[in-house]
Amino acid sequence: MPELPEVEVTRLGLVDRIGGATVRALQLGKPLRWPIGVAPQQLAGQRIGELARRGKYIWMPLQDGSTPAGGLLWHLGMSGSLRFEAQLPPPGPHDHVELVTDRGSLRLTDPRRFGAVVWSPSLQAGCAARLLGGLGVEPLEDGFTASVLHQGLRGRRVAIKQALLAGDIVVGVGNIYCSEALFVAGIDPRLAAQRLSLARCERLVQAIRQVLRQALMAGGSTLRDFRDAHGMGGAFQLQAQVYDRADQPCRRCGALVRRIVQGQRATYFCPVCQRR
């Protein structure tokens, strides 16, 4: 699933190319996860503002002249990607949405069809407010601190990895990045979340930021389907310390990396470097 790094890489690849463009048409293919919530023809002639990201969502504000006209909230689902080109090839069976502008076309490709694009009157109202209202803090912003994490973990008996994946304390730290950050912080993913001390929370905050920044520099991770706005795959998975390295030597100590299942998701960790 595209997580924060993949979504941010996508946004960065689009922001200067599509910002300021004028919508000509919105073409819909097979129904996606949610109805779009607006008649596509109503978007024609509207201008696209500066793209923003919240968690794993991309917000595309629209203007009708000088008047705000809501915006489109894009979600890549389990396997989606957005690509923008002046001239795209003919759509294939997994291409479900195409936003045609005076600069080119933006296409949502999603083999598993869990992705979505929905119209909302603003980020603070309508479906955007419902989808984003329960999200935690952004991990790369100043609001994500050890004290915020420590407070959010209080009373949580679930494993720390599952607490991070929930997204209501901190957003966008997906499965691969949870495994990697817990390794960097030296924390066993099975440890009860409520048992993390403030000092270990500080290490974990720094580890999450380190791993996410490395992933951004690498263009995200492409385990199967993800491509950025230029059609290129990410490379972070090639430098992973533990993720998808079961029964291989830990790059730090040489012990064999273990694989377990937590909440139906694969977890990878070093039994020597990561302590409870």
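Cβ from N, Cα, C; glycine included.
Among the features that Swiss-Prot reports, active site, schiff-base intermediate with DNA is placed at P2, with the record citing sequence analysis. Its own atom aside, the Cβ of P2 (active site, schiff-base intermediate with DNA) has 28 Cβ atoms within 10 angstroms in the protein chains shown.
The Cβ of E3 (active site, proton donor) lies under 8 Å from the Cβ of K56, G172, V173, G174, N175, I176, Y177, G220, S221, each of these being in the same chain and 6 or more residues away along the sequence. Residues or ranges marked as active site, proton donor in Swiss-Prot: E3 (among others).
Feature annotation from Swiss-Prot assigns active site, proton donor to K56 (among others); the stated evidence is sequence analysis.
Counting every protein chain shown, the number of other Cβ atoms lying within 10 Å of the Cβ of H94 (DNA binding site) is 17. The DSSP secondary structure for H94 (DNA binding site) is coil. Per Swiss-Prot, DNA binding site is recorded for H94, R112, R156.
For the zinc finger (241-275), the model gives a mean pLDDT of 97. As annotated by Swiss-Prot, zinc finger applies to 241-275.
For R265 (among others), the entry in Swiss-Prot reads active site, proton donor, with the evidence type sequence analysis. Under the DSSP three-state reduction, R265 (active site, proton donor) is assigned to strand.
The shortest Cα-Cα distance from P2 (active site, schiff-base intermediate with DNA) to any of the recorded positions (H94, R112, R156, R265) is found for R112. Between the alpha carbons (Cα) of R156 (DNA binding site) and R265 (active site, proton donor) lies a span of roughly 19 Å. Comparing R112 (DNA binding site) with R265 (active site, proton donor), their Cα atoms are 18 Å apart once rounded.
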